[in-house]
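Trainee: Sharing a structure here in structure tokens format.
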Amino acid sequence: MGIKGLTGLLSQHAPKAIQEHEIKTLFGRKVAIDASMSIYQFLIAVRQKDGELLTNDAGETTSHLMGLFYRTLRIVENGIKPAYIFDGKPPELKKGVLSKRLERREEAKEEGEEAKETGTVEDVDRFSRRTVKVTREHNEECRRLLRLMGIPVVIAPSEAEAQCAELARGGKVYAAGSEDMDTLTFNAPILFRHLTFSEAKKQPISEINLKEALEGLDMNMSQFIDLCILLGCDYLEPIKGVGPKSALKLIREYGGLKGVVKHLRENSGCRGMQIPDEWPWEEAKKIFEKPDVLPADEVELEWTNPDVDGLVQFLVKEKGFNEDRVRKGAEKLQKFLNSKQQGRLDGFFSVKPKEKAAAPAPVGKAKGKGKVDAKAKGTKRKVGFLNSMSGPLA
């Protein structure tokens, strides 16, 4: 879900924080991409003309594999090196949200069945997309595909967005890539959005700079986390009557969530704002401040030659893809992943940093106990096909 209304607030109060780029201008960058969010997008967007998911002759869904293969090729062709980060175990506080999502999917499934009988094609398509869920099998197949492509894979102990942010903070990648704005709440210095969108959408890449966002909002990191929780996050019920404008006003007026909650408790129903009886915001804040992640210095990322025979076996023989297209895709991977990229021009200049309006408060780093990809073994936690190519190309 991300953070409700945050993009609009940043556009209004911190416009310098948001820049748009053509994908080709990001050559030389390494990016940690939220895999689960990307796979979800592919399952929704990569469809047949009738709106149904792509399948092979055996009736197996292939939308996620088709999307992942060709969108990753596009990213690599533009000189970007992606690493895909998969979700681990969700925080306990998130279980309520996940349960409600399941209920909504079941409702959409029932409405979809009714639409097949009495509704239009558009109704059926709409309800079908609302029932989409990324399954364990989807994740396993995508990890297998990425390993065969020579793309690094990380399985986070918990939230993928938090792990993406950790790798960006630790200098393993330049940016985190996700549609979820809570990646910023996990303290990602740079967030790329729309990176895995279809080229046909002609949607530019949106780059959001956390430092500029904090300066524009005139907040420190602790206050920013409070604002995001108040706007509405994955861990708590939203407060009725609180929208983006009122959330920003409350945080500025009371300095943080502690003062806001005290005010709302003492003035129940004030201006229609009603805080739930059970609203453990302190627990939610701890998840954002000290997420369960693999420390960046224990993760190495390596991009290697694709396993062409393995790709043909998996995509062509098992999943029914076109062999010629798969082989051509593998050639592109080999060419672009292992070519010596021209250095970025901005790497030759030192930029004098602007004075901070409000410095971000330090965010602690919890050492995660999550598992790493099965291929990852060694003195350090190695991910996918890994060695020493870990620093971002500035």
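The backbone N, Cα and C atoms fix where each Cβ goes, and this holds for glycine too.
What Swiss-Prot lists as region 'N-domain' is 1-105. What Swiss-Prot records for Asp34, Asp87, Glu159, Glu161 is Mg(2+) 1 binding site. The DNA binding site feature in Swiss-Prot is assigned to Arg47, Arg71, Glu159, Gly232, Asp234; the stated evidence is sequence analysis. Per Swiss-Prot, the feature region 'I-domain' maps to 123-254. According to Swiss-Prot, the Mg(2+) 2 binding site annotation covers Asp180, Asp182, Asp234. Sequence annotations record features per position, and here Swiss-Prot assigns region 'Interaction with PCNA' to 341-349. What Swiss-Prot lists as region 'Disordered' is 356-375.
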Trainee: On the three-state reduction of DSSP, what should I expect for Arg71 (DNA binding site)?
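Mentor: Once the DSSP labels are grouped into three classes, Arg71 (DNA binding site) ends up as helix.
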Trainee: Could you state the CA-to-CA distance between Asp87 (Mg(2+) 1 binding site) and Asp234 (DNA binding site) to the nearest Å?
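Mentor: Distance (Cα to Cα, whole Å): 14 Å.
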Trainee: Given the binding-site residues Asp34, Glu159, Glu161, which one is most crowded in terms of C-beta atoms within 10 angstroms?
Mentor: Glu161
Trainee: Across the region 'I-domain' (123-254), what does the mean pLDDT come to, as a whole number?
Mentor: 92
Trainee: Sort Glu159 (Mg(2+) 1 binding site) into helix, strand or coil using the DSSP assignment.
Mentor: coil
Trainee: I'd like the Cβ neighbour count for Asp180 (Mg(2+) 2 binding site), meaning other Cβ atoms within 10 Å of its Cβ, all protein chains included.
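Mentor: Step by step: centre on the Cβ of Asp180 (Mg(2+) 2 binding site), count other Cβ atoms within 10 Å, giving 23.
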Trainee: Using only C-alpha positions, which one of Arg71, Asp180, Asp182, Asp234 is spatially nearest Asp34 (Mg(2+) 1 binding site)? These are the binding-site residues in the record.
Mentor: Asp180
Trainee: Kindly report the helix/strand/coil residue split of the region 'I-domain' (123-254) according to DSSP, in that order.
Mentor: 69 helix, 16 strand, 47 coil
Trainee: Under a three-state reduction of DSSP output, how is Asp87 (Mg(2+) 1 binding site) classified: helix, strand, or coil?
Mentor: coil
Trainee: Using the alpha carbons only, what distance in Å do you get between Arg71 (DNA binding site) and Glu161 (Mg(2+) 1 binding site) once rounded?
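Mentor: With the alpha carbons as reference points, the distance is 19 Å.
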